[in-house]
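Notes follow once the structure below has been shown.
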Amino acid sequence: MASEATLRANHAIRAKYEKLEKIGEGTFAAVFLARNVQDHTKVAIKKIKTAAAGTRDGIDITAMREFKFLKELHHPNVVALLDVFSTGTSAPAINLVLEYLNTDLEAIICDRSLLFSASDIKSWMLMLCRGMDYCHQNWCLHRDLKPNNLLISPTGELKIADFGLARECGDPGARMTSQVVTRWYRSPELLLGARAYSFGVDIWSIGCIFAELMLRTPYLPGESDATQLTTIFRALGTPTEAEWPVCILTYSQHCMTLPNAGKFASFPKQNLSLLFTAASPDTLDLLAACLQYDPLKRPRTSDLLQHNYFRHGPLPTPAAQLPRPARPAEVKEEKPVTPPAPKQVGLASKRALDTEEIARRKRLAHRVAFS
């Protein structure tokens, strides 16, 4: 039973905010636009539903994880948790008060009226790597990095959000689920059912986001979990034993849902410069480092920040000068959403790196001066 002082404190926090409208809803939470009645700043209130399936003590475990990490992580490139309060009596709901960020990197990528420079891409990548370096230094494995989980502030700062799948990563022997990370950004070891993994899964996702910023379209859009590996192998070449020596020996034994995982189709090694035609050697080197098959060979976030890509020109664009959608709400309605059900995506439109797609991406890449 909450004490009288606790109830008063909770009421005082709740009274600070006035809900304006619902702006989103999921299985376990609804998100509201609200304002602080004291200083009139806009905030987002994430109301977590209770008594749902897959919960602990009536609260969804992903919501508990998000609350835990947001309470502990404080960095300019991580979304800020401002307050927490409860509502209701018989089945109290937890309300997370977050800074309000009205657009995300996916909306920016999909807005064809915006053109990116090499400096713009470097700025977003620098903020992403700084934020993830902070998370990794604090033993936080995000496990769901993708453009629409990278929110953009009114002043242009990129902020990492949605820590519902995050886990602490300090025990090298810990077993975790492989059913994490949105498919198009999921690393090969996860697709092969690995349950012992580390920060390399986030590094792979960073590489996919980097490629998407340059191509303005998802780089590895697999039709289903079963075909995602083929999509990756077609794009990068089937890994050799030298590139990934433990692939078959270690991971294929976990592939209960991929019965033919040990019999990979053979695709030739791809030269990234043939697709990313305007990218500099430093750009290609950073991308290739993130997308190495062997997770033990992928760089750490601290290594990424020391890479020549960030050391050499051009300088990153100041955050306030980065491209932004003129009307974020309208852009978000038009953007493609990574589908949980593969049937929603046409095979012809999403087959990775066929001849027509390569030609289209090359034409797009030539419009932008990457460095």
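Keep in mind that glycine also has a Cβ here, set from the backbone N, Cα and C atoms.
Keep in mind that TrEMBL annotations are predicted by a computer and have not been checked by a curator.
When secondary structure is read from DSSP and collapsed to three states, Asp144 (active site, proton acceptor) falls in the coil class. Sequence annotations record features per position, and here TrEMBL assigns active site, proton acceptor to Asp144.
Around Ala29 (ATP binding site), taking its Cβ as the centre, 22 other Cβ atoms fall within 10 Å, counting all chains. Annotation source TrEMBL lists ATP binding site at Ile23, Gly24, Glu25, Gly26, Thr27, Phe28, Ala29, Ala30, Val31, Lys46, Lys47.
What TrEMBL records for 327-336 is compositional bias 'Basic and acidic residues'.
According to TrEMBL, the feature domain 'Protein kinase' maps to 17-310. Per-residue pLDDT, averaged over the domain 'Protein kinase' (17-310), rounds to 88.
Residues or ranges marked as region 'Disordered' by TrEMBL: 314-352.
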### Message
Applying a 10 Å Cβ distance cut-off over all chains shown, what neighbour count does Glu25 (ATP binding site) have?
### Response
12
### Task
Among the recorded positions listed here (Val31, Asp144), identify the one with the smallest other-Cβ count within 10 Å.
Val31
### Message
So if I measure Cβ to Cβ from Lys47 (ATP binding site) and keep only same-chain residues at least 6 apart in sequence, which ones fall under 8 Å?
### Response
Ala29, Ala30, Val31, Phe32, Thr87, Ala93, Ile94, Asn95
